[in-house]
Amino acid sequence: MTIADASKVNHELSSDDDDDVPLSQTLKKRKVASMNSASLQDEAEPYDSDEAISKISKKKTKKIKTEPVQSSSLPSPPAKKSATSKPKKIKKEDGDVKVKTTKKEEQENEKKKREEEEEEDKKAKEEEEEYKWWEKENEDDTIKWVTLKHNGVIFPPPYQPLPSHIKLYYDGKPVDLPPQAEEVAGFFAALLESDHAKNPVFQKNFFNDFLQVLKESGGPLNGIEIKEFSRCDFTKMFDYFQLQKEQKKQLTSQEKKQIRLEREKFEEDYKFCELDGRREQVGNFKVEPPDLFRGRGAHPKTGKLKRRVNPEDIVLNLSKDAPVPPAPEGHKWGEIRHDNTVQWLAMWRENIFNSFKYVRLAANSSLKGQSDYKKFEKARQLKSYIDAIRRDYTRNLKSKVMLERQKAVAIYLIDVFALRAGGEKSEDEADTVGCCSLRYEHVTLKPPNTVIFDFLGKDSIRFYQEVEVDKQVFKNLTIFKRPPKQPGHQLFDRLDPSILNKYLQNYMPGLTAKVFRTYNASKTMQDQLDLIPNKGSVAEKILKYNAANRTVAILCNHQRTVTKGHAQTVEKANNRIQELEWQKIRCKRAILQLDKDLLKKEPKYFEEIDDLTKEDEATIHKRIIDREIEKYQRKFVRENDKRKFEKEELLPESQLKEWLEKVDEKKQEFEKELKTGEVELKSSWNSVEKIKAQVEKLEQRIQTSSIQLKDKEENSQVSLGTSKINYIDPRLSVVFCKKYDVPIEKIFTKTLREKFKWAIESVDENWRF
């Protein structure tokens, strides 16, 4: 919900004290049977007599694609050109002379013409093959495809046992482990110096699973019995893995490139499938390798073994007439299905949560694009019902029935503060919380109407907000926390997401609590973009766009931890800006060397000429020289790596020496400049006008770099990508780019441009969410 919408809802909520205590608490002395009877009667559907809601519930539902919401989001395909129109013939002038051509020239012209025609045909064919699903109407949503062919999945390589002298040690003695157990021990050894390996829960879960695998594989080969984790020493294994890492780093760029090309060639057949005769990209076509589960936050299953997945565990899905991909030698597929009502190509059950993993089409595929489109259209459809929903939950905040009152408060919190619905978690799942699963200790009340939320949300990210709520909502939360409730008790003890979502679907087909987050994120983004003036540089417009995006990310609690390299990145950016400032000062000094009188004529222009101290300039000089030396040293190594790979003669050391001599000349120039205060005039600096033009360019670069640095610092703890990809309708970003003349490449990466191609090609600058 936007800030304006929140204030509107809060204003409309009544603050009367009457009937604050629900009926169930005022009638405690009634018999249990009569209470149950009254409760059933009171909790029956309350909207049968409500004219506005009955109209909504009786309204015949239509397919989302064909239902108009404010304006058509997808324009009709452009009209075809008339087949009868012919190009006008150019009248031959009397002065035109016909040039004779030789037979050879005629053949070359014919060949060139043929090549051009082939190129045009190729382009036309490519355009014809491109499937623009957003220009079509999907008549049957249950059928996902008619034909589907693919090449299966790629399995991780089999385990390679460690060299015979690399062992796990127990009580100081080397242990001969079977390969299956050695692999699992290696998973822990590789993480020995990480935070995971120091986590007692991680250690316990790993050790239990390690002992299980050890038992399954027959136990240690040299008879040493392993009982306690604390007596295990993984150091030798860890050192070996570190050595392997270092050896990989020592590979030349050409060797790395060769490995990458070979891998890409091997993966090529798995990257694409054939869907209804079209070539579509596959997303995750690799089966996850075995490893230790990390999990986010304080996950109770962290450290458990993710077991190796075999072909026998995998179900493939493809057309009946499609060739079945061959299973790896010595194996067979678990099952072959031909289900065209699902989108997945392969699936298997993983052992950590006993849940299914799927191989699906890539984000830029037609099926994924249609799924995204429907999600955002569903959220967009909510705006036709949101006023009625808000009116009803405002009224129900004073309902005599506790369940109705809890539903009203929950929808208020989901709508105003973008809380997730939440649900019960089992003991072996992370203790993450949403609205319906809030407990007594997660909510602190500060009169008159301040609420402090403090809990772990999705992915164990802390949700901490101190907010003001409507007085009636505050009173209800006070009631929900009354004795005998205490820490550990559910706040919404009569409510769960299924009850809430079933209730919401009385308003709109398919409406769930999740749709509110998408709606409020997109609505907030629309409102924020409307406030941006269409002026300034592209960098300034992007800064304002990111500020709008950040507002949404904060609303949705999309946080991230500050990266380890953030401080270093900021320092580098500041150094770069300082160097640009120094270059600008040098230019202005050069101007005065050409015309000293300008200092009196334009004193303001030269105000900053002494902003940098000699120490500042010396530091800048050293940075530039060090960077130049490193650049040439790396260039020398890179060139020789390439020549060595291609078996060419290596560059001599004298070449590096020659490059470094140029750097030394620059160093001497800087030293002289620092001493005299005069700049060595370049040949291009032969006029004041030319140098002033360079100053102007430097000022633009300084401004752009400063804006980018500010943006980076402001977004260091906020994840803009999560809301941009999953919650903000991509058409809003497209409209922003078209309306404000910002290149789409500045907002969407190449991957996102492919994912949201439907949005880029379907709206103009006047589209509204």
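Yeah, the Cβs are placed from backbone N, Cα and C, and that goes for glycine too.
As recorded in Swiss-Prot:
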{"type": "REGION", "residues": "1-132", "note": "region 'Disordered'"}
{"type": "MOD_RES", "residues": "S14", "note": "phosphoserine"}
{"type": "MOD_RES", "residues": "S15", "note": "phosphoserine"}
{"type": "MOD_RES", "residues": "S24", "note": "phosphoserine"}
{"type": "COMPBIAS", "residues": "42-51", "note": "compositional bias 'Acidic residues'"}
{"type": "MOD_RES", "residues": "S49", "note": "phosphoserine"}
{"type": "COMPBIAS", "residues": "71-85", "note": "compositional bias 'Low complexity'"}
{"type": "MOD_RES", "residues": "S76", "note": "phosphoserine"}
{"type": "COMPBIAS", "residues": "91-132", "note": "compositional bias 'Basic and acidic residues'"}
{"type": "SITE", "residues": "R296", "note": "site 'Interaction with DNA'"}
{"type": "SITE", "residues": "W344", "note": "site 'Interaction with DNA'"}
{"type": "DOMAIN", "residues": "364-769", "note": "domain 'Topo IB-type catalytic'"}
{"type": "SITE", "residues": "K375", "note": "site 'Interaction with DNA'"}
{"type": "REGION", "residues": "420-425", "note": "region 'Interaction with DNA'"}
{"type": "SITE", "residues": "T432", "note": "site 'Interaction with DNA'"}
{"type": "SITE", "residues": "K458", "note": "site 'Interaction with DNA'"}
{"type": "SITE", "residues": "N501", "note": "site 'Interaction with DNA'"}
{"type": "SITE", "residues": "H558", "note": "site 'Interaction with DNA'"}
For N501 (site 'Interaction with DNA'), the one of K375, T432, H558 that lies nearest, given that the recorded sites are compared by Cα: K375
Using Cα positions only, nearest of the recorded sites to R296 (site 'Interaction with DNA') (W344, K375, K458, H558): K458
Rounded inter-Cα distance in Å - K458 (site 'Interaction with DNA'), H558 (site 'Interaction with DNA'): 10
For the recorded sites T432, N501, the one whose C-beta sees the most other C-beta atoms within 10 angstroms: T432
Under 8 Å by Cβ from H558 (site 'Interaction with DNA'), counting only residues of that chain that are 6 or more apart: V718, S719, L720, T722, S723
Neighbourhood of K375 (site 'Interaction with DNA') by C-beta distance under 8 A, where only residues 6 or more apart in the same chain count: T518
Residue with minimal Cβ packing [other Cβ atoms within 10 Å] among the recorded sites R296, K458: R296
Long-range Cβ environment of W344 (site 'Interaction with DNA'), under 8 Å and at least 6 residues apart: N317, Y358, V359, R360
